[in-house]
Amino acid sequence: MSKLFSEYKLKDVTLKNRIVMSPMCMYSVENKDGIATDFHFAHYVSRAAGGTGLVILEATAVQEVGRISEFDLGLWNDEQVPALKHLVDGLHSHGAKAGIQLAHAGRKAVLPGEIVAPSAIAYDEKSAKPVELTKEAIKEVVADFKRAAYRAKEAGFDVIEIHAAHGYLIHQFLSPITNRREDNYGGPAGNRYKILSDIIKAVKEVWDGPIIVRVSATDYAHGGLQLEDYIPFAKWMKADGVELIDVSTGGLVNVAPPVFPGYQVPFADEIRRGAGIATGVLGLITRGEQAEEILCNERADLIIIGRELLRNPYFAKDAALSLGETIEGPKQYSRAWK
């Protein structure tokens, strides 16, 4: 059997294969209330029907002010749970495990009114200047991640991912470019890591399932975080109880990364080896053979697919055929692969 279609365990959760749908914002909550819609159900469940092992929902805000836009999903109140439970049931009906990415946009929120960040530094000259979070407000953010994790449990999710990448709030705390604080949340790396550590520990108080953290392994900017900074961060995450690190890059500043097939694989490889923690990797992985090579060379443990799954919900089915594997799909569509 190919490695790509072997089972993988995240704590007590067994994935049927190593293909993961990357969280990708759809900006499709037209009512602006954070509640998942029929579109979200069709969008995610179709990828489960296509054979994806783990489907991770897009960035889901833990606070209303933490949305990237007014059209984001949310888990800041109980009214948002039932629609997500319905969606999770749909994922499970096709044999996929269900994950959700809990997030706070920080200074990258594009919303009416006040936005917040670790320091009062705007994303760019076109963006609103955020208000620096007080210590009390930081503790409330941590508490809201915990509350959202509890709601995710109520909705039946199998996996929680904490979004600490792409220039959003937690990443803003981690990077010295965006964190100029002089209290115990700023300065040395251990202080800048504190909010993420506090969030992980708070989530674990209500959640006994696997926790993934998405990181940006380089800021692509002078004075920002580089790969070597993430080895100690990853070790601390492992000690805090994180099962796997989802390795991406960039997003903190308005700089386009150099992009080519598998461009983030070296980052996942180095973190995996340097910190002794499992990693998932994404970034222009578009073919089954490419994914298999990454796994067989032990450069990552899970393959996270983004845009290719937008183009092709049946990526898993097609990847299996390319690797000489047979996986079941919806019987209604079986003639498509004869």
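Note: Cβ is positioned from N, Cα and C throughout, glycine not excepted.
Counting only same-chain residues at least 6 apart in sequence, those with a Cβ under 8 Å from the Cβ of Ala59 (FMN binding site) are Pro23, Cys25, Ile68, Asp72, Leu73, Gln101, Ala103, Ala105, His163, Tyr168. Reduced to three states, the DSSP call for Ala59 (FMN binding site) is strand. Residues or ranges marked as FMN binding site in Swiss-Prot: Ser22, Pro23, Met24, Cys25, Ala59, Gln101, Arg214, Gly306, Arg307.
As annotated by Swiss-Prot, substrate binding site applies to Tyr27, His163, Ala164, Ala165, His166. Reduced to three states, the DSSP call for His166 (substrate binding site) is coil.
Taken residue by residue with DSSP, Arg307 (FMN binding site) is part of a helix. Every protein chain considered, the tally of other Cβ atoms within 10 Å of the Cβ of Ser22 (FMN binding site) stands at 24. Counting Cβ atoms from all protein chains shown, Arg214 (FMN binding site) has 27 others lying within 10 Å of its own Cβ. Ranking the binding-site residues Ser22, Met24, Arg214, Arg307 by Cα distance from Ala164 (substrate binding site) puts Arg214 first.
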